[in-house]
Amino acid sequence: MDKGADETTNLLGNQTQNYGPGAVDQSIEISDQGGQSSEPSTPPVGITSSMERNKNLRQRHLRSGEWDGAVDGTSSGDDGMYVFVQKPENEVEAQRMQQNYMFGFKKWKSHVTARPLADRSDIVKQLYAEQEKVPPPQVSVYRPTNFLYVILLGWWIALLYCIVGCLMLFTIIGRKYAFFCWKMAGYFFWPFGKFVSMVLPRVIRLNESGTLLESRDRDYTVSDTVPLVSGTPSLGTKHSSYGYWKHPQTYIWLVLGLPLLFIVHGVVFLLSWFLVITIPVAKLNLKAIRVMLFLPPDTVQIKTSSMSLVSPDSEIIIYTHQSVNFYYYKYTVDGMNVILVNLLVFVLLSLVLGYADRDNHLTGDVTKFILSFLALIPLSYYIGMAITSISAQSNFAVGALLNATFGSIVEISLYTVALVKGRQSGNTKCYSELVKSALAGTLLGTMLLVPGLCMIIGGLKHRLQVFNPRSVGVSSSLLFVSVAGAFTPTIFSKAYGTLQCGECVYDTNRTTSVLPNTSYALQCQDCEYSVFGFNGDHTLYDNHIRPLVYACALVLPIAYLIGLIFTMKTHKSHIHDKFMEEAKSRATGDGHGTDVHWGRIKSTVILLCSVILTSLSADIATEHIQPVLENSSVSLYFLGVTLLALVPDIPEVVNGIQFALQNNVNLSIEVGTTTAVQVCMLQMPLLVLLDLIYPVDFYLIFSDLHLWAVIFSVIVMNYVFQDGKSNYFQGSALFMVYVLLILMYFFSPAGNEVCGSP
């Protein structure tokens, strides 16, 4: 029996529990009697002690590629709390995975080290395979997507090559390039199942020590042939294009033919790369830009895959059999997903249009506002990756400091710039309410939307998932403390504030019991409790509410600091040491090196650059948000709780979904609760500190709509999490509650009047 796969082992020496791969990355509660762990009388729902079922589950996971190997179990001691995680590939990954279970750290799914390609699935291997070195797969090239390529791109690229070929023919001395263009026209019209190879103009053969063995011009009359798959020259063979730059036809080509084709291939490359699934077409055009357009025209050969033989000393340049591959969403560039890399174009567009087109000659306020918020998506992910990379390569003190200071830098930058803009524009109340709406929206999203989506997606794949209700209960209790501390001033203001109304009229057709002798009643609208009395009396706020706000803003970070100390001391001594010891031994035993995507210096540079770009994008967004509010019927509250709240938290949503897909719903839930705790314990106190240093009229007092929506969300979340089970039905309940609350904000008539909207 494979003990690593079928059993979860307690690293501290307690009794092994046979829960199988269904317990992967889950926090399981084990009863503790007399200081020894024993099998619970009723195993957690969804986990069976049957060894045969464990074996079947393991085989199923192995077939589907969802199971990476053995399971490590760690115990926190006598409290009976267990944490189960997949074995890490190396010490750095062990550090990252361990930090996922620690309070105050970002829950990060992506690897910070390069995974060996040999350990990846065949589908992923094909994505990274060099197209000039792999043999042609035995698949059909007659696909609908390939015919779509011909309709959208192939025919006009081929036509362009034909036109350029005719132009080169008219030059007489460039007729070789004319034949080359016509040859390439046929290739780019239908490149699928064809090889582009280069016959080396000069062969230089070296031995292993680098001594010259042979140097000769290529003899094109040689009839020797070799198999296609071995047509790539050996490692000791080099080629040169001696004499290529001495021919006049080369310069005619560089002036008349190459520039137009270079531009067209470049445009096609950018468009197809940005669409992600068409990256095979992008690689094809990139190879044309970098290699094929600069080759001597008589050295290029095009053969179909049905030809099994090529000339000796030939080098395959490119082969492709498809124009679309839907698995390219898994493709990464320098450790980052290609989709996030492509979104960096919005950073460039937002900065150029935001600062170069201040008079809105090219675009309007709405376009700049949307582009600036789209720019925040990749920047927030890059910041998270940089923080995780540095933390995984440093000690826990450095990691805790980075997570506490830069973990919410995107939101803090956005809110700070918005409040300062409000102060400078003289519309502080508008921007203050917008920021409060964003804070409330973040709490709603992290308590309802994030766990809801994760439970739905994870439940659809795994049917039933389990997590440790005690572990989630601790986080939920801490969230209760956070919400209570953040909304205490609001509740206090409702009890002692002054009821003020926007407009009151007399209704002579109704009477009131308060004034029985009068023949009219007073009808008021837009009423709310205000911390300021009539005629701007600040006595209540200055003497009672403001000191309470400062006290709460001081207590909340202290609570956060206590959590960090607990994580780095008590939790570390019980779990981390054994975990890291096992991780080191496993990494050494597997023989895998630690190839980190981003080193500490590179991560620091990326972190600082991303923070600067985030501040600039936030400046553009807040500069153009007021015209959007004034010219839109959308409620200010709705814009705050959706767009401003969710865009910076998209990395958390993505990571949570990835955890759920790997049957680790416990971390998916922790993603939301950790973010919500940081909002209350760090972001709100920092904004209060900002108002103390630079008055921006930010009062930590929320409207009734925000107050009751957040309290209701906390209650619903804790009710759903109390049974320790997760399925798509429970996730749907959380998601539907979130949708209902968002609809409430959408139809809310309040909010826009403070921004001067009609």
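Here the Cβ of each residue, glycine as well, is placed from N, Cα and C on the backbone.
Nobody curates TrEMBL annotations by hand; they come from automatic prediction.
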What range among 178-198, 472-492 does TrEMBL describe as transmembrane segment? 472-492
Do you know the DSSP helix, strand and coil residue counts for the domain 'Sodium/calcium exchanger membrane region' (369-490)? 109 helix, 2 strand, 11 coil
With the cut-off at Cβ under 8 Å and a gap of six or more residues from its ends, the chain residues touching the transmembrane segment (147-173) are 179-182, 184-186, 188-191, 248-249, 252-253, 256-257, 260-261, 264, 268, 281, 323-324
Residue counts for the domain 'Sodium/calcium exchanger membrane region' (603-745) under DSSP, helix then strand then coil, are 118 helix, 2 strand, 23 coil
Other parts of the chain folded back onto the transmembrane segment (472-492), taken as Cβ under 8 Å at six or more residues beyond its ends: 103, 443, 447, 544-545, 548-549, 552, 555-556, 559, 563, 666, 669-670, 673-674, 676-677, 679-681, 684, 699-702, 707, 710-711, 714, 717-718, 721-722, 724
Are the transmembrane segment (396-418) and the transmembrane segment (675-694) near each other by the rule of at least 3 C-beta pairs under 8 angstroms (pairs 6 or more apart)? yes
Long-range CB partners for the transmembrane segment (396-418) (under 8 A, at least six residues beyond its ends), listed in sequence order, are 99, 102, 104-106, 376, 379-380, 383, 387, 390, 431, 434-435, 438-439, 442, 560, 564, 567-568, 572, 576, 607, 611, 614-615, 618-619, 621-622, 625, 644, 648, 678-679, 682-683, 686-687, 690
The transmembrane segment (728-748) in contact with the transmembrane segment (438-460), cutoff 8 A, at least 3 CB pairs, sep 6+: yes
